[in-house]
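Structure, as structure tokens:
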């Protein structure tokens, strides 16, 4: 396993001769003899024999990939941290500044399938190196655009999508080829934990660098420098593992790539859950907004109440989808459809609530914290937690496919209960929503002046009683 990095640039990543070393019963690193029809699961030494990488080296590769994922999301939200300065510099309005993110996401969305095709057929390490180097150069170049060339800023943000698409579609597949089963779940949870952290750091870095340098352009010059470090780490640390070797049986031939159309046809047969999620997302968001809009006429607490109803209503259907998973796949999909539709009702409403209870000068900061907290309390740690619960449940059961299924089934049921707790939290929000919205409106209209920090005031005797007054008034 000298590694396929010796192959020419962008050549087929995996040598046809790269295949797992046949296991020998009784020798360290061999795979456990599975029952007929069940996949082999290699132990730690078995993984090292297959990938040619020590456990420490594999973990180091994941650490490098996490660093780059962190950098990706830092770059996305660095622009948000200096957006008011960008608007002032280019003399643009909210619609044009919103177009910056639209262009980036559109480019990222269109190019993701392209790099998905390349990542399945060519050397992933070199694809990522090239993409991140390109992204770093474009981001650095965007910091030198003159004020009369706003269209050029839009172009560079679109080109940034090239680099991010080259990484985001490929990096998880490297982790999949280094680890299996629960180890893979843990490593992926660490990898995606970089999303909320990177998002928050990007906003903080953008605003703070601008404050220190006195110029917002320098905020866009931080991540390119870190990108150079990322390319060096990729080149020096990351090794290209053979695709799918850790999941193949020892006597099966290496996997060979098929045509793109064959890939799409095969994926279409596995995408029922994905299609349900897309449809329920569209239906749920639209339904939630329309119901809330109609109820606002008679109930000012309509927004949090609709969110609460969606979460509380989705919990039993998601629970039923899990209980029916083994008995009827049709019933499972029906319950998932209903549950996800109800769950999706709160997405747009939550964003609206955040905006109308926060004054305009703090909304970007509020959005940043909302992103950090939602990921931190949600998809950042939940995969690891679900996997951990599943592992604990399986310890007391005899090893079998059914015990694995039951353990994961029971651990996923926790999500339904957490959803119900979220619904209860929205019911609590409904108690305070009117007062918070009213205070924000008064503040914007200048009818509710904000008191200065407590540290800027002191208590002095005035007309026979203690009164808190600004320090400046005493000094004068």
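Glycine residues also receive a Cβ, built from the backbone N, Cα and C atoms like all the rest.
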Taking 218-238, 239-259, 365-385 as the choices, which stretch does TrEMBL tie to transmembrane segment?
218-238
Using TrEMBL as the reference, determine which range in 126-145, 146-165, 166-185, 386-405 is annotated transmembrane segment.
126-145
Of 410-433, 434-457, which span is tagged transmembrane segment by TrEMBL?
410-433
Which is it, of 76-94, 304-322, that TrEMBL names as transmembrane segment?
304-322
Confidence summary (mean pLDDT) of the domain 'Major facilitator superfamily (MFS) profile' (61-476):
78
